[in-house]
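Noted in TrEMBL for the protein shown:
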ACT_SITE  GLU1192  active site, proton acceptor
BINDING   CYS48, CYS53, CYS56  [2Fe-2S] cluster 1 binding site
BINDING   CYS120, CYS123, CYS134  [2Fe-2S] cluster 2 binding site
BINDING   PHE288, ASP304, LEU348  FAD binding site
BINDING   GLN701, PHE732, ARG843, ALA1010  Mo-molybdopterin binding site
BINDING   GLU736, ARG811, PHE845, THR941  substrate binding site
DOMAIN    173-358  domain 'FAD-binding PCMH-type'
Amino acid sequence: YDLSSWSAGLVYSAEERMVLDRSQMIGCSKLFLDLCVPVGLTGTKLGCAEGGCGACTVMLSKYQPTSCRVCVCSPLGEWVSGPLCSLHHCAVTTVEGIGSVAGKLHPVQERMPKSHGSQCGFCTPGIVMSSMLCSGTTLHPAMAGHRGGDSKVNFGVKLVGVATVSNLSAACSSLHPADFLPLDPTQEIIFPPELMVDTLTHQHTRGVNTNTYLTPSLSVYLFHYLSVHHSLCLSFSLFLSLSLSLCIVFGASCSLTLLGDVLKAAVGKLPPYQTEVFNAVLEQLRWFAGLQIRNIMTASPISDLNPVFMASGCKLTLMSKGGERVVVMDEKFFPGYRKTILTPEEVLLCVLIPYTKKVRHTHTQTHTNTYIVTSGMSVTFAEGSTIVKHLALSYGGMAATTVMAKNTASRLLGKQWGEELLQDACSSLAEEMTLHPSAPGGMVTYRRTLTLSLFYKFYLTVQQKLVSEGAYIEGVRADYISATEIYHQTSPSSVQIFQAVPDGQKEEDVVGRPMMHLSALKQATGEAVYCDDIPLYENELYLCLITSTKAHATIQSIDTAEAESMPGVVTCVFAKDVPGSNMTGPIVYDETVTCVGHIIGAVVADTQAHAQRAAKAVRITYQELQPVIITIQDAITHQSFFQPVRTIQRGDLDQGFTQADHILEGEMHMGGQEHFYLETNVTVAVPKGEDGEMELFVSTQSATKTQSLVAKALGVPASRVVIRVKRMGGGFGGKESRSTTLSTMVAVAAQKLKRPVRCMLDRDEDMLVTGGRHPFYGRYKVGFMKSGKVVALEVTYYSNAGNSMDLSLSRALFHMENSYSIATIRGRGYVCKTHLPSNTAFRGFGGPQGMLIAESWMSDVALSLGLPAEQVRRLNMYIQGERTPYSQILDHITLDRCWDQCLEISSFTQRRAGIETYNRDHRWTKRGLSVVPTKFGISFTAAFLNQAGALAHIYTDGSVLLTHGGTEMGQGLNTKMVQVASRTLGIPSSKIHITETSTNTVPNTSPTAASASSDLNGAAVHNACEILLHRLEPYKTKNPKGCWEDWVTAAYFDRVNLSANGFYKTPDLGYDFETNTGRPFNYFSYGVACSEVEIDCLTGSHKNIHTSIVIDVGNSLNPALDIGQVEGGFMQGVGLYTLEELKYSPEGYLFTRGPGMYKIPAFGDIPTDLTVSLLRDAPNDKAIFSSKAIGEPPLFLAASVFFAIKDAIIAARKESGLSGPFRLDSPATPERIRNACEDRFTKLCPPAEPGTFTPWAVVV
């Protein structure tokens, strides 16, 4: 290793600097996080290893000798998981380096917790570090929290004794500038002087995987290395830009951030006619990823900048040992996928971006969603005319490389800019920009249509500019102008409305108050401990899974010889190593794999890197089996269903349809959803050395289930296994049952080797093996009257369960009518057995699927009658005392109140009128509005799970240690339990502490799921505290003027037991499918949401303009936490219904295994105007302190966004003469929106006939 020129890198921690010496630099494969963990810097999290989620964001700074200043670069992002040697001469600031709970918080760290912006907290350190660089950005409260005190942002607005919108002005913000610490100058980050050195020396190091990392300073060294090494990664330390008379030259080492800064300065100084290319580049930079990952350029076929560079004729200067050469970036530059014309000996020296000339030369660039289609277009006109002299049309995402539409461009030369040219261009592009129906990436019809839509936007933009420059040409129609407008994010605002605590409530009684999440401060400083943050044990090993690459096959052989010979490998673990029973789930375990990602075994090694490398070296041969059933339609064809097939029916369906004025039939598919908890599944198993005892630290919602299955696999009683759960970085149902597959594997390995074993799945592993929300397909037949009243419904559901029954279906049937009273109804549910990883519980658990299909037929009824959808919905809504299809009487129904208040606070009538006006005035953008109710049943549908335990200890100093059966995953359960105990015992919450959930303190716990955990565990905690209070009562009576500590001390000396177990079971629950009798739910939560959206009819993109939510949470235990759950659940639903799309190959391989291809909601997806109101004066006598569950009910309210999009599409289709019901599947992605907005462009790109090709991805 030639490390002679390495100087120290530097990492800040809260207390000290950590200097990296040369020995730590050795080995390119070593990562930054590998050094953070051993020294306790665990705040920086690895959420996806792609730089996509932001959890790993840190701050990077470096001294630039050319400018004699310190450059604070973009957050490190994905380079946290990059090679350590790339940080040469850099200062890296992690979240620990800016503040701590024990020391002093940085204002950014303080604002997020106080604004209630942290829930699970796993990504909070990343958001804090992003906020350090990005002030004034969006999300409330997680992103806008650091602006707390800004009068433009409303945090936690509370209404005191106010019930009407007209009195909103009486509301006051609960947070003010005085509530926050000012910035202390001593907290400013100081760049270490020892790193302020000349960085233009060269150095290199070689890693164990043969990659050489080089930071050259002189070309003689660079080209020497290039001629010797075949695998080389370059890291330049010199940033350079140079302005010349005809162009600006950017050195190859320029970051995109610097590129943007220089171009912005040029645009501000130069005449507008010279800077059109610069503006196009700047527009693209707005869309290109985030600051964390925008400093990397590739030869990607969907690059955002390549089409602009090609369309504008940018030149590239290349250098090699033989000298320099200049090439034009044109269609020849990319000879193949991710390949360029550079030879192995060449490097890119600089990029020349030209000025535009002072002739009638228009350059623009338009863009649609990354990973779909990008474009760059340029046109030059003959002097003094509108005749096309030169035209360049460049597209990304339409081939393996960025391509030029040369035929179309040539065809249009010499033509007048006008309607005839447009027609010719579209026809020619439809012929030239073709894709095979099986093309990688799919969405073929959509991508082809986009090439026309984007050109049309370009055409209108050019036409508009020509008119502004005085050309004799027809102007752009007023209603077409919106197609030329560039989208800019509007600064969002939000209002949260909740009922204040009653007058006279004691200050120390925190129930009903917006108490901060107990872990929020620790989360913001990175001090909150998650499972993988537990320090390494001595002799600890790491496990990596071996999974199937086939969906349905028999294993012929497993060859581990190569893997076991690799460095660090200790052993491989397979079914034969299970000392107990391998039957720990519903799947029959044999030599047959039933999905891609089926766990076959594992490799155990000394490090994660060694285990992962060895796992890839295991050779497995398969005998593939037929049929391979992937989709619901495959299952229907092969009649592949789990039993039983459930049915709920009320009334005579034939008679109901006979009475109806109209009968309508339809169908709908709803895609699945990945949980995407930021903390993936993780387990640390520690054998205790005697009697088969084992302790496991697990990120799970189901401690008892994990305990029982681990014990079963180890062949020991459950009493020998202890499961401990401190907190989770999110769960959403995904860690209810599926986490046990990893825990049992890790436990078996630990038992075999008698050593601690750890495993935290990488994001792509987790997405592959754990399953998600069930995809659904629904068929319906609905009978209704002319008024819109539904009198009969028959609905059939098919859910894609995957390869095991797991947790499937029943809630969909219980929510098949959503909030509507239907006299005669029958619902039937089939659970499809397919060759996919088993799908499982996910927030709402079948309810969101069943209710969405209900709203689909409700929408169809309104469309077929030509009535407003809100009128038809309101007409059919339940009223007090009516019965559900499963015979449960609805009492204390608040649906009508939620509905009326939602219409009021959203100004629905005025908003609808404004939308109608907008749609009349805009052809290519349309707005839509929808109001949707929800009725969600609260309880486990398996009656035996509706129980909970708690344990409370009072110590002699008066402090209280509380334990309960629930697990903390960000929802604030522990905080609420402390509030319950505080009120019951009558002591301040500061005296009460919860350490963790463990099976050796509270046994036989139910999963933390079904939204019931606050109800169940709260009642159990209340019971335990009441027992203790009863024991202390004699001492309070004897000493009424005494304090809590006096009573506790007196009881202790009187030998009173100061420890108590609490227990609760929900009464009168149980349902029988055979007789359709019983009471499946303890009560119902109600809510209504109204949403307004705007769609781009040409690209299919949409923006969320407004959402108002009114939801009944009873008497809220903690309004801040409940509103956080409403907002979070709603946004997760926005992802479900509009963004998140799982892509499977026909062979069952999951393509979408990370945020690069699987898009979850980001800050920009939050409605620009968001109001959340907790319904006042709605106590619930069936739960602790008259509260209601909140976890799952809000998610479905995001269906209001889906149907607002559908409403906008209706307006777009009307422009093309289309009316009546139409099918819109979920999620409403840009592809589905664009394809539904049929127009002259879509007609030029008809889809291929189904069955004539094998699609790249299938709808599962």
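Cβ atoms here come from the backbone N, Cα and C positions, even for glycine.
Given the structure is predicted, the values throughout are model-derived calculations rather than measurements.
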Tell me which of the recorded positions CYS53, CYS120, GLN701, THR941, GLU1192 ends up closest to LEU348 (FAD binding site) in space, Cα to Cα.
CYS53
What's the CA to CA span in angstrom from GLU1192 (active site, proton acceptor) over to PHE845 (substrate binding site)?
8
Compare the Cα of PHE732 (Mo-molybdopterin binding site) against each of the binding-site residues CYS56, CYS123, PHE288, ASP304, PHE845 and report the nearest.
PHE845
Under 8 Å Cβ-Cβ from ALA1010 (Mo-molybdopterin binding site), six or more apart in the same chain: what's there?
PHE845, ILE938, SER939, PHE940, THR941, LEU945, GLU1192
Looking only at the domain 'FAD-binding PCMH-type' (173-358), what is the mean pLDDT?
74
May I ask for the distance between CYS56 ([2Fe-2S] cluster 1 binding site) and ASP304 (FAD binding site), taken between their Cα atoms and rounded to an integer number of Å?
24
Compute the mean position of the Cβ atoms of GLU736, ARG811, PHE845, THR941, which form the recorded substrate site, and then list in sequence order the other residues of that chain whose Cβ is within 8 Å of it.
GLY733, LEU807, SER810, ALA841, GLY846, PHE940, ALA1009, ALA1010
Any same-chain residues 6+ apart from CYS53 ([2Fe-2S] cluster 1 binding site) with CB under 8 Å of its CB? Would you list them in sequence order, or say none?
GLY47, CYS123, GLY126, LEU678, PRO1155
Which residue, of the binding-site residues GLN701, THR941, has its CB surrounded by the fewest other CB atoms within 10 A?
THR941
Which one is closest to GLU736 (substrate binding site) in space, judged by CA to CA distance, out of the binding-site residues CYS48, GLN701, ARG843?
GLN701
Cβ neighbours within 10 Å, counted over all protein chains: which one of the binding-site residues PHE288, PHE732, PHE845 has the most?
PHE732
Hey, for the Mo-molybdopterin site built from GLN701, PHE732, ARG843, ALA1010, who else sits with CB inside 8 A of the CB center?
GLY731, GLY733, GLY734, GLU736, ALA841, PHE842, PHE845, THR1008, ALA1009, SER1011, GLY1191, GLU1192
For ARG811 (substrate binding site), which of the binding-site residues CYS48, GLN701, ARG843 has the nearest Cα in space?
ARG843
Specify the count of other C-beta atoms within 10 Å of the C-beta of CYS56 ([2Fe-2S] cluster 1 binding site).
29
